[in-house]
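**Student:** Sequence annotations record features per position, and here TrEMBL assigns Mg(2+) binding site to Asp465, Asp471, Glu474, Glu475. The domain 'TRNA-binding' annotation in TrEMBL covers 40-154. The feature domain 'B5' is assigned by TrEMBL to 411-487. The domain 'FDX-ACB' annotation in TrEMBL covers 718-813.
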Amino acid sequence: MRVSYRWLGEYVDIADISPQELAERLTRAGIEVESVTPRNQGVAGVVVSHVLKVMPHPNADRLRVCEVDVGSGAPLCIVCGAPNVAPGQKVPTALPGARLPGGRIDRAKLRGVESHGMLCSAKEIGLETRLLPREQTEGLYILPDDAPVGADVVAYLGLDDVVLELSLTPNRADCLSMRGLAYEVAALLGRPHRFPDADGGAAAAGNDGAAAVTVRIETDLCPRYEAQVLAGVRPGPSPVWMQARLLAAGIRPINVIVDVTNYVMLEWGQPLHAFDLDQVRGRTIVVRQARPGERIVTLDGVERELGPETIVIADAERAIGIAGVMGGENSEVSAATTRIVLESAAFDAASVRRTGQRLGLRSEAQQRFEKGIDPVAVRGALVRATELLVTLAGAQPEGPLVSAQRGAATPQETKVTFAPARCNRLLGTEIPPATMAEVFARLGFAVEGTDGDEWTVRVPSRRRDVALEADLIEEVGRLCGYDTIPATLPVGPTTVGQRTLAQRLRTRTRAALVASGMTEVFTYSLTSPQWFDAMRLPADSPLRRAIPLLRPMSEERVVLRTHLLPGLAQVAAYNLAHGVPGGQVFEIGRVYWPHELPLVRQPEEPTQWAGLWFGEAAAGFGERPRRYDFFDAKGAIERWLQAIGLLDEAAFRPGERPYLHPGRTAEVWIQDCAVGVVGELHPETAARWELAGAVYAEFHLDAVTPLVQERWRVAPLPKHPAVRRDLAVLVARAVHAGDLLRLAQAACAGSGLLEDAFIFDVYEGQGIPAGEKSVAMGFVFRAPDRTLTDAEVDAEVARILARLAEDAGARLRQAGF
């Protein structure tokens, strides 16, 4: 929010405090001031002048020679090239010696005619041209007819001011108004504020007699609506002082009616809107929810379809405005308007926010409704706007102020229990209770029971952010000064902070996969439903039930992802398309599974890791290029399982997924729980991303976490040597190699001498009987207390062969086969 230093000075005495010092005090109190910018960009020596005559230049067709009254001495002769210069105008004139943002102005001869100054445009005197209408930015800046000749333009246009740019946190909506900021600054400085009470002069808003308009509320989303009809309005320009304050706040002046509503919004924090009464059919205002299929053309000229959750302002026949967001073109105030309905209301903050987001609209009024307005200001702002329109636009109230209310009256204050002792204990201070009471008084909070250990503090409705005792303690700390709180050592029990088991598992997973040569990637959590078909998901698959966005930014990011494969596949396809021969990538991230659609409760958000191996693997010295295959993925998975202490308990079993190749897919089981899957992409899925032969794996870390031990038992290094034996057996092709390892381990379980077992080759082809395969396994034997003899190792090997023959039909492969 942009704040005028001079405007603020009308409500609080800050004459002895510079804008920079005020900004520092506000920032220390939690109201961050991002910048302090003078409105005057170095302009001096520019006065209001009256153009008396305009004559053609004798030596230049595009120049004019003007006779200008500058308020002192004889009229000056000034050469001007602006096309809009005309006799009778009041314009800014830079006298000889004047300073402008573009440099110094001196007397000069222009094509043979001496010019004693320069007639100025809006840009040349430092005005923000982006906030001015086009006609005021092209050529000379034309001043009002009542501008006093000879007056200093900087003072006349309010440029002798400083703008403070505030960066407000969402809880401080009260500071989105001069009223709220005046209370804050007055409390910080310990000075009284001069802002009138909210209900002051309410009786002056209207006159006796019948109401000129009927107001009816038909939705609980509007607790209060007030309106005042004004007749005889002259919709001309607003006065210069009001335009100056609007420009300082970054708001474009339009006409006196619109400017007054914007001015009062800045002053009170209460948005207002004016309807052309002659366009309000039936002299009726109805606040209701939009009807099915209802549409409205808003003030920006766009026709918009209204959803059933949208609050609209309607007359007897149609919607004439979107509550809290934007008015309708069918009731817009125009140059011909003479009677208006001035609206001041309270609308549900969440409803206004959702409507604005759905329609893609954003306004100053909407911002204030979203953050919550002070219900007390509804009446006060309407009264203030009425008074200004009576004074500035010749308006006269027609009938009394009309008020409607829905539901119970909004409380004007909140009662909060406060204990000074708890405040000091939490802040680590020894602030006297009397000082705390003074702080609350400066803030405008009434305090009861100050003679007891617990007080009752009545917080006015303008401070919606103060609802708990902790909020009151924060106010004491803010106003006493955080920098005055002494530094003390912490007291009470201390604990050693550490990561959760789930966090440590993610860290180990990341480290293990990187150590296997994989690269971590981060993909979008938003995706497109088109990839569900690429994954060959059945129509009733839960993975197709994705959570949609209400307002997606693009067609490629319309739903929350239910699977990690599309993101990784797009990464792989992008790299292959840009000349990368291949790679192995992984991602650790969340997927989003709704219980039902539309959402009525928090969806499941499990954490998974997924990997993709694609293209050609990097060839080592003397190696031929090869493609990544299933065993590259399986090796990385086994190294990960070993890193988290679950390799010995893991088993690979045949599995199926619609997006993986049938017969080339394995599920990973741990303790009778399927925790993941690995397999080659289904040819149709691979073709969609041009990833032929790519291997994909995914694991549910939430399912793995409870299986991981908090602490591992570390075995001492062995003292005695190990003995390795390799065996190659012939088995039926349908027998799984992993089953052979489990049988071998079971055969040696009694002796405890088998330390490790692994498969290093599987072969089918020449020399192997049809329907069979050769599986080569390595076995490592070791005893903890002695060196094993050949006889002991031979006995273990015999047990393994016997068990394999009995349970798997395996036989030892003989030499020559």
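Cβ atoms here come from the backbone N, Cα and C positions, even for glycine.
Can you tell me where each of these features sits in the structure?
**Tutor:** In three-state terms derived from DSSP, Asp471 (Mg(2+) binding site) belongs to a helical segment. For Asp471 (Mg(2+) binding site), the same-chain residues that are 6 or more apart in sequence and have a Cβ closer than 8 Å to its Cβ are Val416, Asp465.
Note on the domain 'B5' (411-487): DSSP counts are 34 helix, 15 strand, 28 coil.
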**Student:** Return the residues near Glu475 (Mg(2+) binding site) by Cβ distance under 8 Å, restricted to its own chain and a separation of at least 6 in sequence.
**Tutor:** Val439, Phe440, Leu443, Phe445, Val466
**Student:** So for Asp465 (Mg(2+) binding site), how many other CB atoms are inside 10 Å of its CB?
**Tutor:** 19
**Student:** Applying the rule Cβ within 8 Å of the centroid of the Cβ atoms of Asp465, Asp471, Glu474, Glu475, what extra residues of the same chain belong around the Mg(2+) site?
**Tutor:** Arg463, Val466, Leu468, Ala470, Leu472, Ile473, Arg478
**Student:** I'd like the Cβ neighbour count for Glu474 (Mg(2+) binding site), meaning other Cβ atoms within 10 Å of its Cβ, all protein chains included.
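**Tutor:** A 10 Å sphere around the Cβ of Glu474 (Mg(2+) binding site) contains 18 other Cβ atoms.
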